[in-house]
Amino acid sequence: MTKKLHIKTWGCQMNEYDSSKMADLLDATHSYQLTDVAEEADVLLLNTCSIREKAQEKVFHQLGRWKLLKEKNPDLIIGVGGCVASQEGEHIRQRAHYVDIIFGPQTLHRLPEMINSVRGDRSPVVDISFPEIEKFDRLPEPRAEGPTAFVSIMEGCNKYCTYCVVPYTRGEEVSRPSDDILFEIAQLAAQGVREVNLLGQNVNAWRGENYDGSTGSFADLLRLVAAIDGIDRIRFTTSHPIEFTDDIIEVYRDTPELVSFLHLPVQSGSDRILNLMGRTHTALEYKAIIRKLRAARPDIQISSDFIVGFPGETTEDFEKTMKLIADVNFDMSYSFIFSARPGTPAADMVDDVPEEEKKQRLYILQERINQQAMAWSRRMLGTTQRILVEGTSRKSIMELSGRTENNRVVNFEGTPDMIGKFVDVEITDVYPNSLRGKVVRTEDEMGLRVAETPESVIARTRKENDLGVGYYQP
């Protein structure tokens, strides 16, 4: 009988990536097949996020639902992973004794052994250690699930912003070797992936070992990824302004595979608040980065993160944030009301901004960002945009859907053979959360780089010398 696995994932793209790796790993080692129905599963895994308010209570609420399933099926294995697991550890079992496995983001590769241990003597397993790069060495080969894919290139963060739990839950920065990253992306490209999104809590801080033992920069890595045949788009998430160096900006100038869209969190437009947050940059320094980026890539669009109502934030501080939003003309944002994360320095600060004031500031900020986003969308009306077709539209199974370089969803009429390929679409309608268009050019008409194999290169360039010995000229 087929054994089934159910994974519930909360949080960032890194968590989504981790969950996909858990599924691949347990399929390879235990032949577990994913199911969307928790009641069908032999193993339930909750991959948690500690960023949002009341994250811990949300976890225990979900576990309470799963407890009922365990009462019906005592052999059911329940595991809790992710950042809340890393933060709470054994405390989770003190409140939910029926949980069998607690694992951190850096120990998910040990899940097969943990499951075997629980199956063997029914004793619970807690492993929230930080074994650095070992996680990536133990994961199975990647499996593409469409034309886009996430690839983790580093873990952790050394910045220790005063509001953030990431350094405590995912550890300090650890970069994967460049060869490992490039090999994973090449494997994905061979499976039809056209766009990769490089992931890291502080992705542009990547410093990886090259094949010759030297240390490569993030800019070096971007150029190497762009050289992989079949990869036509590169995104990366999430960046820190302090690591956004001029050599990265130069990649935007000369590497068309790098999309004209960047998510670069700033959090506040007030230098005083940025200092309290431990951000180590000013609003002016942030704007200088954007100015240089737009000089290198004039059509680039910028999104950001914002926290409103940080302890000590005055009306003047908030107005400086609003001015920064107008000056940069952000295209979109992820914006939140400050809520203290246990164990962070900000949790010890006096939370002196009234809740209603926080809500009002968030509303004002989001309305302004939405207005700017709609203005950006309207500028696209009548233009031709290159779309990577991801599949059928959520709005209608009779239409296809894909994304522009600047991350806009576009719905249009097309044929199934377009899925996984690029099409050029003329934008005909603009809506708050999507665009609509009509196909004006297919990939066959674009002259994009065709996939090459070593064998095809040799066959095409093979020559013979005077002795009849074959050789090829790269």
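Here, residue 1 is simply the first one shown, and the rest follow in order.
Backbone N, Cα and C define each Cβ position, glycine as well.
Feature annotations, reproduced from Swiss-Prot:
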BINDING   Cys12, Cys49, Cys83  [4Fe-4S] cluster 1 binding site
BINDING   Cys157, Cys161, Cys164  [4Fe-4S] cluster 2 binding site
DOMAIN    3-120  domain 'MTTase N-terminal'
DOMAIN    143-375  domain 'Radical SAM core'
DOMAIN    378-441  domain 'TRAM'
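Cys83 ([4Fe-4S] cluster 1 binding site) carries a helical DSSP state (H, G or I). Considering only the binding-site residues Cys12, Cys49, Cys83, no residue lies within 10 A of Cys164 ([4Fe-4S] cluster 2 binding site) on a C-alpha to C-alpha basis. Cys157 ([4Fe-4S] cluster 2 binding site) is 15 Å away from Cys12 ([4Fe-4S] cluster 1 binding site) when you measure Cα to Cα. Each residue in Lys159, Tyr160, Tyr163, Val165, Val166, Pro167, Gln201, Asn202, Gly278 lies on the same chain as Cys157, Cys161, Cys164 and has a C-beta within 8 Å of the C-beta centroid of that [4Fe-4S] cluster 2 site, without being one of the site residues. Counting only same-chain residues six or more apart in sequence, the Cβ atoms lying under 8 angstroms from the Cβ of Cys161 ([4Fe-4S] cluster 2 binding site) belong to Gln267, Met277, Gly278, Arg279. Summary of the [4Fe-4S] cluster 1 site environment: with the site residues Cys12, Cys49, Cys83 set aside, the chain residues having Cβ atoms within 8 Å of the Cβ mean position are Trp10, Gly11, Met14, Asn15, Thr48, Ser50, Ile51, Gly82, Thr169. Within the same chain, residues at least 6 positions away in sequence whose Cβ sits under 8 Å from that of Cys157 ([4Fe-4S] cluster 2 binding site) are Cys164, Val166, Pro167, Arg170, Glu172, Glu173, Gln201, Asn202, Ala205.
Annotation note: Cys164 ([4Fe-4S] cluster 2 binding site) sits in a coil segment as assigned by DSSP. Looking only at the binding-site residues Cys12, Cys49, Cys83, Cys164, the densest Cβ neighbourhood within 10 Å occurs at Cys83. The helix, strand and coil residue counts that DSSP assigns across the domain 'TRAM' (378-441) are 5 helix, 33 strand, 26 coil.
Sorting each residue of the domain 'MTTase N-terminal' (3-120) by its DSSP state yields 64 helix, 22 strand, 32 coil.
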